[in-house]
Amino acid sequence: MVNFFQALDRVIATMNKSVAVFGLAAGIVITAINVCVRYIAGFYPEIGSLTWAEEVARYCFLWSAFFGAAYGFRKGVHIAVTMLIEKFPPSLAKTCVLLTHLLNSVFLGFMFYASLMVCYLNYEIGYMSEALHSVPLWVFLLCLPIAFLGATYRSLEKIYEVSLMPADKVVKSAEEEMIHDSVVKD
């Protein structure tokens, strides 16, 4: 069972990281190409511009941002204010950290459900992309439920990790994780 969760962890992390990097790179390349084409079109108006480039680049950046945020949950790089928790006794600090992760999981789970409904409604109504008329809009919006599901999984994973950790190690573990993950690449 442990091997299953380790394999799942690697698959989710690889997918989040790959989509974030590819989305950012694709958005930058598409935007750069469109700028060059528009510059050339200024001299040769018959060329025109890439009408689809702006919308596709926007969706590439959207996918990159959401999958990068989901990956950030694994690395523990999201903003956390631990100044007050560090002053608490260890058992109260552990309870506060668990409660924080629980509330985070509930919020992310709700966002997963809400974004799934947005995709479903776009599918039902049949909205199409403005610039890419043959592509349904829900395809581009799939990044929302997928990324929120990944982030929810990561938040639940943190609850499990913290619940198994001794109370006196919880605050130190969060600090060490932040320092370690900002230096070490995976």
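Glycine is treated like the rest: Cβ placed from N, Cα and C.
Among the features that TrEMBL reports, transmembrane segment is placed at 20-41, 61-85, 97-123, 135-156. Positions annotated as domain 'Tripartite ATP-independent periplasmic transporters DctQ component' by TrEMBL: 28-161.
Simply put, out of 20-41, 97-123, 135-156, 135-156 has the most Cβ pairs sitting under 8 Å from the transmembrane segment (61-85).
The DSSP breakdown of the domain 'Tripartite ATP-independent periplasmic transporters DctQ component' (28-161), given as helix, strand and coil counts, is 104 helix, 2 strand, 28 coil.
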